[in-house]
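Asks: Shown below is the structure under consideration.
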Amino acid sequence: MTTVMGICRSFRDRAFARFFHCFPCLSDPARRSSWGLKVTLVMLHLIFVGILFIFDGDLIEKTKKEPRYTALYLLLLFATLVQYFITSSSSPGYVVDVMRAVNETNVIYQKSSMASKQPASSQNGSLNVVIEGSQSGRNFQGSNPSSWTKLVMDMYPPGTSIRSCTCSYCNVEQPPRAKHCHDCDKCVLQFDHHCVWLGSCVGQDNHCKFWWYICEETALCLWTGILYIMYLKANISRAWWKDAIMILLLIALSISIIFLLLLLLFHSYLVLTNQTTYELVRRRRIPYLRRIPERVYPFSKGICRNLYNFCCARSSIYSLEPLPSSQELEEKARPYTCLDILTCRCC
């Protein structure tokens, strides 16, 4: 018996070794878990939609008469799944990538005799870094960049210790709004949260993609829920086991809709005020946000500009935001007046 078990174990190990050799991306347990979640999410979509088309004969007849209705629904399903994979495979914006680009650009400027004419990007020219704010408002295009350490320190108030803004895990200097993710084991720019379903972080570079995914997923769940209710109204007494399955799926769908709507509203609020989930939830634990009043949004530039930066900013440009000065914080904390509303101060 022991010999048979040893042979089976050896055969299993060789089979797994060959499988991981053919698919090296699945050799990592974290990646296997991530891909397992992706497959589960796709299967859930197919189950909810497939059962609807299998049970609902009226929907099939309606599809034959009005194919555009069903085509739009299936197009939304396809777009939602595509947006999910785009979001899950996109980088959230890692600090180490920006630091490498800045240091490479600094080397180029130092070695080149025509430093003022060199583009401010990494060697492949695919990444630009912009420093916003009135104090250090610099764009790397056309000006000599300094080292990453100096750039980061310039974004903090004078007298800030470099040790206080250095990640103890990555050993890199973190600009404001960056945080180390223990799941990804990297520091992320404008860290929002680590999404289990995506298998990656949500940060500066993919927050917009994440918002659009939530929006599409919410619309898809609402449309599917309406189709489920229409089926139950027309076929509530025909076959009890079909009704039981549809009711259970509708309950699960209703819970998902409530969660997605709340999540969509929450992230819309974050976008309008230029905040992240981490900054909102852990505000009292972030050293440079402790002294700022609760209802003051230090990084907000007005609703219109916040929306523009969120929706229209190119993914090849990373925006690093310095901490606002005391004068800027006083201006943001000033109560709104009728004149401020007429002059669109909030925008």
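FYI, residue positions are counted from 1 along the chain as it appears here.
Cβ atoms are placed via backbone N, Cα and C, with glycine included.
Given the structure is predicted, the values throughout are model-derived calculations rather than measurements.
The domain 'Palmitoyltransferase DHHC' annotation in TrEMBL covers 163-282. Taken from TrEMBL, the feature transmembrane segment covers 35-55, 67-86, 210-232, 244-266.
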Asks: Compute the average pLDDT of the predicted model within the domain 'Palmitoyltransferase DHHC' (163-282).
Replies: 91
Asks: What else in the chain is close to the transmembrane segment (210-232), if you only count residues 6 or more beyond its ends and a Cβ gap under 8 Å?
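Replies: For the transmembrane segment (210-232), the nonlocal Cβ contacts are 45, 48-49, 52, 55-56, 58-59, 73, 76-77, 79-80, 83-84, 87, 192, 195, 198, 202, 243, 246-247, 249-250, 253-254, 256-257, 260-261, 263-264, 267-268, 271, 310.
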Asks: What are the DSSP helix/strand/coil residue counts across the domain 'Palmitoyltransferase DHHC' (163-282)?
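Replies: Its residues divide into 71 helix, 14 strand, 35 coil.
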